[in-house]
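K.L.:
The structure under discussion is supplied below as structure tokens; questions concerning it will follow.
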């Protein structure tokens, strides 16, 4: 994506502007109070909500919808827990209704997850593409969660997805950017925003994603499971801002040899 800095450096997804490039989740927090504090400290403007867990009032999700000020934060319903394209499409439709119930009448966003493997939680590329094609036809703003596959990312862009969301490493693993080279290829070839999702464990990894040109990151476990979630949320926000500024500034070229920082002429003994 374009690295030219602007005075109002906003991210645009599906025609909606976001000042914050840190997206967060709502799961895994010890309690809703810590979630609220963390969202506030993160300065995030979009959070994911697992539609199935809210609908079934799963553990930790009771009262979730009432705990968030939806006039300030944009809801990103996700299809977590769906194992097939058909299931994901159905849950996406429920998510759109959930957003409307929260007062976001025109919210068509969906984070598309199709994950048949409950052990490794790796997304199904075929099911994701199938579901994405149908949801785009239905007018959804689709943000698909994918393996860091440059060919799949481009195909999803071509069918009309609003972003692509390659994983840094498996969900909740905290392994960081294990797929950095592939993510770099996705960024280089993308004409839509690239959001690195999953695997980020510490702020330096979030910063690294932005430094390499990612447009945003989505971080949940690293905040929710930290010893002090609100403090970690603030640290992530600072790291994302720093990473974005570093990308805009442009890093010095990597060299095989040393390059002196002081002049080599005009020395005392010359």
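Keep in mind that glycine also has a Cβ here, set from the backbone N, Cα and C atoms.
Just so it is clear, the model here is predicted, and its values are computed rather than measured.
So Swiss-Prot has the following annotated:
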- 111: active site, schiff-base intermediate with DXP (ACT_SITE)
- 172, 198, 199, 220, 221: 1-deoxy-D-xylulose 5-phosphate binding site (BINDING)
- 249-270: region 'Disordered' (REGION)
- 256-270: compositional bias 'Polar residues' (COMPBIAS)
K.L.:
Taking the centroid of the Cβ atoms of 172, 198, 199, 220, 221 as the 1-deoxy-D-xylulose 5-phosphate site, which other residues of that chain lie with their Cβ within 8 Å of it, listed in sequence order?
P.N.:
170, 171, 173, 174, 197, 200, 219, 222
K.L.:
Whole-number answer please: how many Å between the C-alpha atoms of residue 198 (1-deoxy-D-xylulose 5-phosphate binding site) and residue 111 (active site, schiff-base intermediate with DXP)?
P.N.:
13
K.L.:
Please report the number of other Cβ atoms within 10 Å of the Cβ of residue 220 (1-deoxy-D-xylulose 5-phosphate binding site).
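P.N.:
Step by step: centre on the Cβ of residue 220 (1-deoxy-D-xylulose 5-phosphate binding site), count other Cβ atoms within 10 Å, giving 22.
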K.L.:
Tell me whether residue 199 (1-deoxy-D-xylulose 5-phosphate binding site) sits in a helix, a strand or coil according to DSSP.
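P.N.:
Residue 199 (1-deoxy-D-xylulose 5-phosphate binding site) sits in coil per DSSP, no helix or strand.
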K.L.:
Could you list the residues of the same chain, at least six apart in sequence, whose Cβ is under 8 A from the Cβ of residue 221 (1-deoxy-D-xylulose 5-phosphate binding site)?
P.N.:
25, 28, 171, 172, 174, 201
K.L.:
Residue 111 (active site, schiff-base intermediate with DXP) to residue 199 (1-deoxy-D-xylulose 5-phosphate binding site): how many Å between their Cα atoms?
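P.N.:
That comes out at 17 Å between the alpha carbons.
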K.L.:
Just how many other Cβ atoms lie inside 10 Å of the Cβ on residue 198 (1-deoxy-D-xylulose 5-phosphate binding site)?
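P.N.:
Counting Cβ neighbours of residue 198 (1-deoxy-D-xylulose 5-phosphate binding site) within 10 Å gives 24.
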